[in-house]
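J.: Below is a structure I'd like to ask you about.
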């Protein structure tokens, strides 16, 4: 997966090598399509296998939360690094032009090469420094048609999982919908609904990332103190507070930064907790970890794609970028993709808390 990303990502942000001034768009599309497909495959392979390592490396529930929180924290650090690098390329252009859209193709290409180079260095450190559990020869039998997917384990109360796969999948899907859609439409909400200057497109996501980073550092002690379900519930309440603020008021000035802190902290809390719940679902069956994370990722990708299609089909200005009607449209999009989906997540969480489904072992 890492290799696929390294060989494809620079080409996505580089000019078409075979294109000329009169080259039709469909030809450029065909040129970029293979690189995008290879990148998406590599990114998915890297993400799923990296997540599957968490239950493989540790067995304690609190250690799983800690690794998941560290993973999210370093993801935020990577995002902030990209922001800083982008500003280094962008700032000299801003001194010469008043437009925020003056990032040249050469600057984008150089930025992509630097990002890939940094990623390659840290990926090398990861592959050299992280060791999987050694399995002595003969301990893992070859799977056959009659081999059960789940290993038989003694019916001890310590190994019973109070989790239902479908409930955890729905909870993870709702979490990803909140996180991804809010990040997708926050820029349109800031510029079209609140009519703020374009500098907020950079500063507000940065504030969200920083608040999410700080929240992720608290995940382990908070999970130890109140447990998984209540930690997720607290995070979803913070997201609902953001949605209520957007629905009932029009945050302007410094207030928008307070709303961004709420959204960033709430999103980080529910994302880390839902991933930890998925690790709990895997339990000791670490050989199926990649499949579980892959299945969860598949549900969230399909749901995000459908949600974006529905939102875009409801856009009141199909023939132009924005009109008078889209001022209120993006406001209610932010309310529904945070508050509306948060309500669905709470219902699913209640199902997990009230009607836990245990894995039953039979003779």
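Glycine is treated like the rest: Cβ placed from N, Cα and C.
The signal peptide annotation in TrEMBL covers 1-18. Residues annotated as transmembrane segment in TrEMBL: 28-48, 69-90, 110-129, 158-179, 199-218, 230-250, 256-278, 332-355.
Surface or core, plus neighbours and distances: that's what I need for these features.
T.: Note on the transmembrane segment (69-90): residues 50-51, 54, 100, 102-103, 107, 110-111, 114-115, 118, 202, 205-206, 209-210, 212-213, 216-217, 219-220, 268, 271-272, 275 of its chain, located 6 or more positions outside it, place their CB under 8 angstroms from a CB of the stretch.
Within the same chain, residues 2, 5-6, 9-10, 12-14, 81-82, 85-86, 89 sit at least 6 positions outside the transmembrane segment (110-129) and bring their C-beta atoms closer than 8 Å to a C-beta of that stretch.
When Cβ-Cβ distances below 8 Å are used as the criterion, the transmembrane segment (199-218) is approached by residues 69-70, 72-73, 76-77, 79-80, 83, 87, 100, 183, 186-187, 190-191, 256-257, 260-265, 267-269, 272 of the same chain, each at least six residues removed from its ends.
Sequence-distant contacts of the transmembrane segment (256-278) (same chain, six or more residues past either end, CB-CB distance under 8 Å): 51, 61, 64-65, 68-69, 72, 76, 163, 168, 171-172, 175-176, 178-179, 182, 186, 190, 194, 196, 200, 203-205, 207-216, 219, 223, 228, 231-232, 234-239, 241-242, 245-246, 292-293, 296, 338, 345.
Remote same-chain partners of the transmembrane segment (332-355), defined as residues 6 or more beyond its termini with a Cβ less than 8 Å from a stretch Cβ, comprise 162-164, 167-168, 170-171, 174-175, 177-178, 181-182, 185-186, 188-189, 193, 229, 232-233, 236, 239-240, 242-244, 246-247, 263, 270, 307, 311.
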J.: Going along the chain, which residues at least six beyond the ends of the signal peptide (1-18) come within the CB cut-off of under 8 Å?
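T.: Sequence-remote neighbours of the signal peptide (1-18) are 28, 31-32, 35-36, 38-39, 41-47, 49, 105, 108-109, 111-113, 115-116, 119-120, 123, 127.
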